[in-house]
Amino acid sequence: MDVDGHLPRTHGDVDDDGRERRTGTVWTAAAHIITAVIGSGVLSLAWAMAQLGWVAGPLTLVLFAIITFYTCGLLADCYRVGDPVTGKRNYTYTEAVQAYLGGWHVWFCGFCQYVNMFGTGIGYTITASTSAAALKKSNCFHWHGHKADCSQYLSAYIIAFGVVQVIFCQVPNFHKLSWLSIVAAIMSFSYATIAVGLSLAQTISGPRGRTSLTGTEVGVDVDASQKVWMTFQALGNVAFAYSYSIILIEIQDTLRSPPGENKTMRKATLMGISTTTAFYMLCGCLGYSAFGNDANGNILTGFGFYEPYWLVDFANVCIVLHLVGGFQVFCQPLFAAVEGGAARRYPELGRKHAVVFRLVWRTAFVGLITLLAMLMPFFNSILGFLGSIAFWPLTVFFPVEMYIRQRQIPRFGTKWVALQSLSFVCFLVTVAACAASIQGVRDSLKTYTPFTTKS
């Protein structure tokens with residue numbers, strides 16, 4: 001380290017910190033972002049639009065996109081301490097918070113980040129399993145008619161997805177998964193495009209429901225209290241659709257340097273957020289146009305679409321393949337945190353014991369997620385809850401606070417007040433969406449029997 005506190009640049013097979021040289025580019029980072037962002041969230045946007053209507057729906061999508069892009073730019077600048085090109089690197093989100101804020105912020109950040117990663121694993125398991133079950137339902141409806149009882153028990157599909165994840169979870173680290181993210185990103189484009197095409201075709205041939213400027217109508221579709229709760233839950237669903245800042249630092253840590261990782265990450269964020277917002281607008285607006293206020297919570301598995309059945313099947317295959325990769329993108333940072341902590345606490349453990357620990361703990365982790373997915377398979381409520389608890393602290397609060405500390409913005413100055421106002425408004429959105437999602441889970445539990453849920 002030189003007199004300015006900067007780490008020296010090295011050449012060969014190692015990076016500026018002596019670790020394996022990183023090879024990530026703006027394209028691989030954008031692929032990671034698209035893989036993380038276009039997940040189960042995109043499938044619920046038609047339902048969210050039905051709750052919000054033609055005015056608030058598109059406006060909400062644009063506002064969440066702008067806020068996410070802005071705060072992710074602030075967060076990208078906090079990847080290194082000091083100089084954005086040669087300063088000391090932070091390898092995880094929590095390390096960045098430790099470097100800039102310290103104290104109770106570190107515990108709160110770790111809690112929010114890792115609880116959300118764990119919950120996202122549950123959400124992706126539910127979604128992938130629902131899509132897998134929809135494959136058999138689609139063929140059943142095609143051969144036996146749309147009135148046939150083609151419902152499927154989800155538990156078997158959830159277990160099958162868990163077995164697949166046990167295998168992929170043995171990949172040592174996040175850096176080895178670029179190929180999986182690229183495949184998953186292609187899958188996400190595929191099923192989002194199919195959803196858009198089918199929605200457009202349905203809109204042209206004749207919408208199945210009415211739409212309105214304000215969405216579902218009180219006294220017609222819902223009562224007054226349901227309208228309020230579902231509106232807030234829809235905000236949580238939209239927040240979940242943009243929840244990738246949780247792993248931004250980990251993605252940024254895969255990027256080669258020079259150029260500075262923050263510059264590359266800003267470009268990747270612009271590419272990823274622009275692409276996903278365009279798809280979100282198409283999926284949400286066309287889905288709402290096609291099905292109106294009766295739009296299902298999951299546009300490709302709620303069977304608004306029956307034909308062409310083979311195309312619906314292909315879309316659901318793409319969803320499953322995408323979420324296999326998406327699960328890993330979100331869970332690998334959690335694996336790294338646990339295994340890194342174990343290595344520091346028990347340095348006497350050799351490589352052989354580390355491999356055994358990884359096998360046992362990652363398998364147990366997937367097993368627990370699989371069990372919880374079978375116990376609580378409530379798609380929209382779970383997504384709304386996950387989106388709400390991650391949005392304010394991880395997408396807004398910490399990036400804003402670290403930026404203020406990094407740039408030494410004076411308290412009560414114009415910029416400080418603007419940033420804190422943004423954070424406060426987003427906090428209110430988080431509280432409202434979280435409360436609505438908990439209410440949704442409570443309502444679902446009144447008529448739910450564990451392990452017997454049908455799709």
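Cβ atoms are placed via backbone N, Cα and C, with glycine included.
As the structure is a computational prediction, the values presented were derived from the model and not from experiment.
Record features, source TrEMBL:
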type	residues	note
DOMAIN	22-441	domain 'Amino acid transporter transmembrane'
TRANSMEM	29-50	transmembrane segment
TRANSMEM	56-79	transmembrane segment
TRANSMEM	154-173	transmembrane segment
TRANSMEM	179-201	transmembrane segment
TRANSMEM	270-291	transmembrane segment
TRANSMEM	311-338	transmembrane segment
TRANSMEM	359-379	transmembrane segment
TRANSMEM	385-404	transmembrane segment
TRANSMEM	416-438	transmembrane segment
When counting Cβ pairs under 8 Å to the transmembrane segment (416-438), the leader among 56-79, 179-201, 270-291, 311-338, 385-404
385-404
Considering pairs 6 or more residues apart, do the transmembrane segment (359-379) and the transmembrane segment (311-338) have at least three CB pairs under 8 Å?
yes
Given the transmembrane segment (154-173), which of the listed stretches 179-201, 311-338, 385-404 has the most Cβ pairs that are under 8 Å apart from it?
311-338
Same chain, outside the transmembrane segment (56-79) by at least 6, Cβ under 8 Å from its Cβ: which residues?
45, 48-49, 89-90, 93, 96, 99-100, 214-215, 234-235, 238-239, 241-242, 244-245, 248-249, 252-253, 261-262, 265-266, 269-270, 273, 276-277, 280-281, 284-285, 288, 395-396, 398-400, 402-403, 406, 422, 426
Spatial neighbours of the transmembrane segment (311-338) not adjacent in sequence (6+ beyond its ends, CB under 8 Å) are 32, 35-36, 38-40, 43, 92-94, 110, 113-114, 117-118, 120-121, 124-125, 127-128, 131-132, 134-135, 138-139, 161, 164-165, 168-169, 171, 173-174, 177, 180-181, 183-185, 187-188, 190-191, 194-195, 198, 246-247, 250, 300-301, 305, 358, 361-362, 365
